């Protein structure tokens, strides 16, 4: 499975300004379910008047901050040498011109911007805390997010390329708060011992009105000619792609208040944007539809889940929304009882819901499937009576029961990848990576009969994540898919995910090599990187006027760990196994990250 955006989730509430502790107590009481009431016995005795003077408000904030500072001690989480390119970098003051390109940028490559998100925590890196309640630690996906951009612009002669690199932090509310304080302020509240997580959860809510930092798995997308960044618990912000500075909030007329997930999907045909949000408290999941012009929230529905599913992606077809309800859950009640905040409950149900575009919870057609973790959908489409769903599926979760990791031994969220003992085995599988890593998978859901057909598309030889397709085929039937391939040894050695190549999936052709377990499996081509070189943020760039679905390029950030050099590769998808047509050496190191996107932008913009 993926360990980047697969792990992207939140248990926080979105606010636009920092409220006082008194206001937070009121909000906190109103939102908590009955299971929280025993914890709030003392809080209920506190005064609830909101018309306190500014000086009292400021004093209360300082007192609470001083209390937290005396109770929790921050420390840097250790970093292994093999984890060095997961470390953060500084912001650039201005765009840097690229002077080293091996090969050449194709003449028919579109002008535009290639952007990739990723974690870039402030104050030196990921933090852990220790207290009388135990320890808590940050996951790799937490903390401040940074966008890395490569801008492609043709000169007037139409032959010469100007390529610039830039990076910027995403200016979420939590980023601004910690910059203002100039020190770590948010207590890690996801990983560690249950008592410490619970206390950190409560204190963050009282101090900041949200449980944890805005997560670093920020998505960037274009909608109606404008560009937006979305941190998972933050309202979309319009951004200037070139400077990567936040211009302002887009709150869809103030009617949408659920945290956004990082994978909005554009509906084929209409151009509407389908979004969804997940929260640790009811309503656990809501879905919304934004008008094609980007100005209005035209539909909103509570999907009436009875648990908080750690869902990270959704799908669309021409008529339907596709929602995933799989048994990797966030459960505060479980945490209160001393269990993990996050757990994969393989004995629980797993289901895929097919929902009419403007439907509600009652109109969803649910299909029971085998329990699994699927964080990224490759594509969904309608074929006859069936809705076909293709994604990256694992049988276990690397982030399940993360309270067991040892925060002093480099294990972070990846403790299960570096597990000292075996993961609980399914009789059909023998290696940990067969449970924790994702395979290309297909579900066929018959809307007439209710029948479900499941199959592994590529066998167990190939572990993939961060799938992509030609975006012009999103929601309709497609022939090709692409993904990053997991480098098992490098991932196990570092305890962090590393991707040593790319794969091209041929959905309408069968495998013809013995080791590809060709019985019923599809054809796969590989583009493997040299040495200790690993990629992140790969994206498909369609060729303008291309005649076939795979007319285009894959563009990706790569890092050579032997030379500590970062580059961007451009690979011709028609000649997928060949050398990249261009290797662009970047002027500084780019840490490993998550998702990439290419947005064509005319040169005059």
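Cβ coordinates are placed from backbone N, Cα and C, and glycine is handled just like the others.
What TrEMBL annotates here:
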type: BINDING; residues: 263, 312, 376, 595; note: Fe cation binding site
Cβ-Cβ neighbours of residue 312 (Fe cation binding site) (radius 10 Å): 24
Neighbour count (Cβ, 10 Å) for residue 595 (Fe cation binding site): 25
Neighbouring C-beta atoms (10 Å sphere around the C-beta of residue 376 (Fe cation binding site)): 23
Cβ neighbours of residue 263 (Fe cation binding site) where a neighbour is any other Cβ within 10 Å: 24
